[in-house]
């Protein structure tokens, strides 16, 4: 086991978990915050990619470039919807729904790749969506307006877009993670530029600017560097486990700093969702381990 890589991945996931806390303290709308994030990622990660000489060894192909561009659109929408969810609902609830992405990948694989869904997989999907209802509250499902204003729609859309990013990106095998992220965040700059309201940056406090730059430089630049630098040095099962450091940190910060107090039903919803997600991630690993022993 590469201890250094494991440490880097853990730090990356822990920092990812604090992004919701940073987001609600920036004082700017989701679109403008994502725009800043795209600029920081493009220059920070692009700089690492360029100065390490990685750009010289890339294997570019038309198919993978198209896939990366499509991923870029979904990635930006994912960020915008997630930040909107943070602004409308508690970080704990938003991040829990956001982590439904692997479930949506499972569904997409069944629909478009003809991957067979087992009874266990279907059960995991049902458990996760039952958890979603619990975590939002049945009263929020009485009307579309109540559901929309609760932030549930934004959180669910962010999970779907995250799943689409992973699903479309599954076929990209030759481009490096740095090249993919550089292209995707550059796409984000182009997409968001016409919609920017630069007036939102006027009158911001020093604290606001610290959170804005922190979201861009720390959560996107530095964290992505740690993530990509350690990702390919760790077994899949370890990465799958460490990914849950992100929501755990997010929920703990929400409770400790933002005074989020989940009800018993919401707690049950959180447990159901993560139980379903963990099952979908651990089950394939167990099957692979069993096959390797034969």
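Using N, Cα and C of the backbone, Cβ positions are placed for all residues, glycine too.
Taken from TrEMBL, the feature transmembrane segment applies to 7-28 (among others). Within the same chain, residues 83, 86-87, 91, 94-95, 200-201, 204-205, 207-208, 211-212, 214-215, 218-219, 222-224, 226-227, 229-231, 234, 238-239, 242-250, 252-254, 257-258 sit at least 6 positions outside the transmembrane segment (7-28) and bring their C-beta atoms closer than 8 Å to a C-beta of that stretch.
Taken from TrEMBL, the feature domain 'EamA' applies to 9-136 (among others).
Taken from TrEMBL, the feature transmembrane segment covers 34-53 (among others).
Per TrEMBL, transmembrane segment is recorded for 65-83 (among others).
What TrEMBL lists as transmembrane segment is 89-109 (among others). Here the transmembrane segment (89-109) has long-range neighbours at 17, 20-21, 24, 82, 115, 117, 121, 124-125, 128, 131-132, 135-136, 150-152, 154-156, 158-160, 162-164, 166-167, 246-247, 250-251, 253-255, 258, 260, 262, 266, 269-270, 273-274, 276-277, 280-281, meaning same-chain residues at least 6 beyond its ends whose C-beta is under 8 angstroms from one of its own.
Taken from TrEMBL, the feature transmembrane segment applies to 121-141 (among others).
Summarising the annotation, TrEMBL assigns transmembrane segment to 147-168 (among others).
What TrEMBL records for 150-280 (among others) is domain 'EamA'.
Residues or ranges marked as transmembrane segment in TrEMBL: 175-196 (among others). Beyond its flanks by at least six residues, the transmembrane segment (175-196) meets 31-32, 34-35, 37-39, 41-42, 45-46, 48-49, 54-55, 57-60, 64-65, 68-69, 71-73, 75-76, 79, 169, 220, 224, 228, 231 of its own chain at Cβ-Cβ distances under 8 Å.
The transmembrane segment annotation in TrEMBL covers 208-227 (among others).
TrEMBL lists 234-258 (among others) with the feature transmembrane segment.
Long-range neighbours of the transmembrane segment (264-282) within the same chain, counting only residues 6 or more positions beyond its ends whose Cβ lies under 8 Å from a Cβ of the stretch, are 92-93, 96-97, 99-100, 102-103, 106, 120-121, 124-125, 127-128, 130-137, 237, 240, 244, 247, 251. Under the heading transmembrane segment, TrEMBL lists 264-282 (among others).
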- Message: With pairs fewer than 6 apart in sequence excluded, do the transmembrane segment (208-227) and the transmembrane segment (34-53) have three or more C-beta pairs that lie under 8 Å?
- Response: yes
- Residues from the same chain, set at least six apart from the ends of the transmembrane segment (208-227), whose C-beta lies under 8 A from its own: 8-9, 11-12, 15-16, 18-19, 22-23, 25-28, 33, 36-41, 44-45, 48, 181, 185
